Amino acid sequence: MAAQTTEKLQKLDLNGQSGDAKADAPAAGQAEAGEAEEDSDDEKDDGNAAPEAGAGGAAKKKKRKSKKKKKGGAKVQSSPPRVPVSNLFPNNQYPEGEIVEYTNENSYRTTNEEKRYLDRMNNDFLQEYRQAAEVHRQVRQYAQKNIKPGQTLTEIAEGIEDAVRALTGHQGLEEGDNLKGGMGFPCGLSINHCAAHYTPNAGNKMVLQQGDVMKVDFGAQINGRIVDSAFTMTFDPVYDPLLEAVKDATNTGIREAGIDVRMSDIGAAIQEAMESYEIELNGTMYPVKCIRNLNGHNIDQHVIHGGKSVPIVKGGDQTKMEEGETFAIETFGSTGKGYVREDMETSHYALVPDAPSVPLRLSSAKNLLNVINKNFGTLPFCRRYLDRLGQDKYLLGLNNLVSSGIVQDYPPLCDIKGSYTAQFEHVQIPSHSHP
């Protein structure tokens with residue numbers, strides 16, 4: 001990192017951790033958000049309980065003071081998480097993300113670009129993102145501590161999704177409520193050779209195993225401002241080198257990203273970092289390969305995949321990052337071919353933005369499109385979400401919407417069977433100065 005100057009540029013990593021899988025291990029220089037993550041609320045409560053255990057008036061005073069603080073909105077989250085973060089931060093001042101400094105090469109702007117930045121970086125924009133980021137952080141921290149082998153994927157996914165809905169204060173059962181806040185997209189739980197876009201459909205009985213490598217990828221959103229962050233969980237240290245490689249690659253992408261940086265340069269740096277690692281499995285050494293046909297992406301309001309891609313290999317897009325855009329910096333590593341194909345049963349779907357007007361002959365398709373528009377808009381959804389809204393016998397209509405180009409399906413993406421894949425991801429907003 002270059003020396004600081006008065007004209008230095010900065011970028012906001014809203015997740016507060018540059019790809020670190022441990023939610024309770026803050027990154028250096030992360031004073032405000034990091035402190036909140038390091039000490040859990042339960043630990044703070046335990047610390048306050050000890051002085052109050054003694055006899056006398058002092059103990060009573062401390063007890064009364066503690067109650068007064070809670071009445072004003074004590075920062076205490078339940079387990080499992082169910083307290084809306086707006087109750088924990090009554091002044092709507094949510095923790096800032098980690099500030100990552102730019103190098104000197106990106107220390108200039110042009111007037112038009114600064115104007116676009118000022119248009120984007122309004123206070124509501126940042127506050128909505130910070131609120132969504134705090135929701136994601138608290139749910140992520142709980143998930144990392146409580147997901148264990150033996151749980152079903154449905155149990156894990158619904159636990160995360162219920163927590164996100166509770167913390168945003170939007171259950172999404174009334175028309176339009178999910179557009180105000182809640183899940184940014186379905187909770188992905190992709191295991192082993194499956195790298196992305198897998199969540200259990202109704203009736204799925206799959207159980208997490210001790211030797212599994214599971215990617216946990218979920219989004220939280222406030223007013224369509226989606227925080228898209230992912231981590232990988234393992235329960236056998238043999239997979240540590242794979243996780244270290246992908247985590248290092250994501251951190252590298254975060255450091256290299258910035259205003260006016262070409263996407264291809266970010267991809268080249270990511271690939272160099274990741275492919276310097278190897279992993280030994282059953283006595284055989286495997287190079288860790290970037291999954292070359294998976295990318296990071298920019299995020300628009302209510303749209304998870306914007307028009308820009310952030311490659312994770314060299315030779316990619318020459319497009320530049322712009323000030324005030326929102327990017328999901330994500331990397332995928334594999335012990336297999338480093339290339340994924342569509343496989344297994346589809347669960348993820350999303351309404352195509354500006355989809356063409358196509359006459360629908362099936363009444364089930366017309367009715368389902370109305371449900372999708374009113375409840376999800378262009379936010380991704382899965383079959384379980386339709387079940388949750390009381391929809392049934394919708395598959396024929398859903399497939400008709402897909403074949404008509406109105407809804408996009410997102411099948412699971414898998415490398416070769418027997419391989420292992422990992423993912424780490426965080427959201428970042430390149431900005432001219434720390435708002």
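Placed from the backbone N, Cα and C atoms, the Cβ positions cover glycine too.
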Quiz item: Asp212, Asp228, Asp236: which one does Swiss-Prot list with His297, Glu330, Glu425 for the divalent metal cation 2 site?
Solution: Asp228
Quiz item: Which candidate from Asp217, Asp240 does Swiss-Prot annotate alongside Asp228, Glu425 at the divalent metal cation 1 binding site?
Solution: Asp217
Quiz item: Of these binding-site residues, Asp217, Asp228, Glu330, Glu425, which scores lowest on Cβ atoms within 10 Å?
Solution: Glu425
Quiz item: Around His297 (divalent metal cation 2 binding site), which residues of its chain at least 6 apart sit with Cβ under 8 Å of its Cβ?
Solution: Ile304, His305, Gly306, Lys308, Ser309, Val310, Phe327, Ala328
Quiz prompt | Rounded Cα separation (Å) that holds between Glu330 (divalent metal cation 2 binding site) and His197 (substrate binding site) | solution = 14
Self-check item: Lowest local Cβ density (other Cβ within 10 Å) among binding-site residues: His197, His305
Solution: His305
Exercise. For His305 (substrate binding site), name the DSSP secondary structure in the helix/strand/coil scheme.
Key: coil
Self-check item: Cα-to-Cα gap, Asp228 (divalent metal cation 1 binding site) vs His197 (substrate binding site), nearest whole Å
Solution: 13
